[in-house]
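K.L.:
Okay, these came from TrEMBL:
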| type | residues | note |
| --- | --- | --- |
| TRANSMEM | 12-30 | transmembrane segment |
| DOMAIN | 14-505 | domain 'Major facilitator superfamily (MFS) profile' |
| TRANSMEM | 54-74 | transmembrane segment |
| TRANSMEM | 81-106 | transmembrane segment |
| TRANSMEM | 112-135 | transmembrane segment |
| TRANSMEM | 147-169 | transmembrane segment |
| TRANSMEM | 181-202 | transmembrane segment |
| TRANSMEM | 240-261 | transmembrane segment |
| TRANSMEM | 319-336 | transmembrane segment |
| TRANSMEM | 351-369 | transmembrane segment |
| TRANSMEM | 402-424 | transmembrane segment |
| TRANSMEM | 436-459 | transmembrane segment |
| TRANSMEM | 479-498 | transmembrane segment |
Ligand SMILES: NCCCC[C@H](N)C(=O)NCC(=O)O
């Protein structure tokens with residue numbers, strides 16, 4: 001058979017970097033706000049409820065079906081045009097948000113708030129469809145090759161964006177000026193769009209080659225398309241309903257918390273927002289470059305731990321490679337010990353370690369699910385860990401219990417997605433997965449809309465008699481009740497995972513069975 005561009009490993013990985021950069025930059029923009037929540041409140045004069053409203057607005061178009069509509073548009077227009085339009089929308093939304101906080105539309109609070117919301121709505125439309133488009137592109141290039149690895153790397157780039165956005169934003173907003181943090185995040189999306197435009201040349205070429213060699217038939221393309229009949233079938237399938245509800249409730253307990261986690265650590269445990277010079281690692285005199293370097297190395301270690309030993313057949317080689325990576329990792333931690341000990345007292349840096357941890361743990365749990373199965377049980381355990389995490393971070397006041405809570409949260413955030421997304425592939429036929437993910441992301445956005453806003457609103461409400469003192473810096477927000485509310489979501493998630501396990505017993509999708517025979 002005639003060779004195409006995707007038969008070259010180097011080109012496949014180049015394509016992955018070009019398109020995953022969009023995930024990196026859009027996850028960065030989505031999540032960097034958490035690192036500067038306190039600075040935004042002071043800089044824009046907004047309350048926690050208003051901060052929550054800005055975060056929640058990311059989902060407004062998606063709660064009324066924009067992701068599904070975006071999926072249909074993606075089917076009709078294809079990767080190139082849809083990628084440009086939706087990537088362009090996320091860039092436009094980011095520019096509007098950056099212009100809003102820079103005071104371009106007016107520097108009074110309500111103008112900045114309204115335009116920030118407009119920016120986030122437009123960004124949210126683009127971002128979610130970009131996620132679907134990037135996944136499609138990976139399938140196009142990696143089907144029959146290293147698809148699972150490519151998907152893991154892709155989500156790793158996204159998590160790296162989240163972590164770096166949260167950790168670096170306060171450095172960019174030095175002196176309390178939040179505008180540079182917004183402009184930088186918007187520029188990142190612009191750069192990744194340039195990468196996407198470069199990708200388009202490869203996409204045109206491979207489509208030509210595939211057409212010439214007759215690899216893609218019309219029916220094959222049609223198979224992937226969204227159909228309302230599939231949608232109706234999905235939402236009447238008991239197992240799918242439970243897993244979609246679990247997706248909504250679980251992510252509602254995790255993503256919104258990330259938007260408040262640095263502020264929670266600052267207010268509850270007295271962590272800092274801005275980094276002292278002891279915690280700075282400078283490269284060419286720049287703390288931002290230094291932080292970026294530390295995170296990129298963490299990513300490389302995370303991926304090496306989970307992928308290099310697995311690549312060897314013999315147990316001796318597996319063990320040897322694990323020992324070599326562990327030694328290098330310990331050396332890295334030792335050299336940076338002073339920096340890390342400062343980081344663990346800084347709100348944004350500590351919170352950013354949660355998404356970083358998932359890069360290490362998600363592939364490990366993924367391979368456990370492959371080998372041992374027990375997907376529904378693991379989702380129950382992950383949800384129970386959420387309950388522990390949020391009890392530790394709310395009703396108790398000891399900082400070490402707080403760290404333990406954050407670690408549990410990181411494990412839950414790795415365990416549930418690692419078990420959930422492959423489980424969907426067991427419940428739903430492969431050629432209907434696009435519709436299934438679009439539907440689940442829509443449910444997810446309903447939950448996110450409520451809880452991004454709800455945490456901020458509840459925070460203002462329970463602290464209503466102390467708000468003036470909080471603004472004056474005389475006292476701190478009490479996060480107990482808002483975080484306790486998230487513990488309740490953990491309980492509901494565990495119950496939904498249990499119901500999923502029961503439904504699976506009846507319907508026989510085999511969620512508890514291993515994916516591989518060994
Ligand atoms: N903070 C990034 C938001 C990503 C939203 C997206 N719908 C999603 O859930 N992706 C899967 C994931 O686990 O990130």
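Just so it is clear, glycine is given a Cβ too, placed from its N, Cα and C backbone atoms.
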K.L.:
Under 8 Å, at least 3 Cβ pairs, sequence separation 6 or more: does that hold for the transmembrane segment (479-498) versus the transmembrane segment (240-261)?
P.N.:
yes
K.L.:
For the transmembrane segment (54-74), which partner among 12-30, 81-106, 181-202, 319-336, 436-459 gives the most CB pairs under 8 Å?
P.N.:
436-459
K.L.:
Taking the transmembrane segment (147-169) as reference, which of 12-30, 81-106, 436-459 has the most Cβ pairs under 8 angstroms?
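P.N.:
Most contacts with the transmembrane segment (147-169): 12-30.
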K.L.:
At a threshold of under 8 Å on Cβ distances, which of 12-30, 81-106, 181-202, 436-459 pairs most often with the transmembrane segment (402-424)?
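P.N.:
That would be 436-459.
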K.L.:
So which of 81-106, 181-202, 436-459 is most in touch with the transmembrane segment (12-30), counting Cβ pairs under 8 Å?
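P.N.:
That would be 181-202.
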K.L.:
Roughly where does the domain 'Major facilitator superfamily (MFS) profile' (14-505) sit in mean pLDDT, to the nearest integer?
P.N.:
91
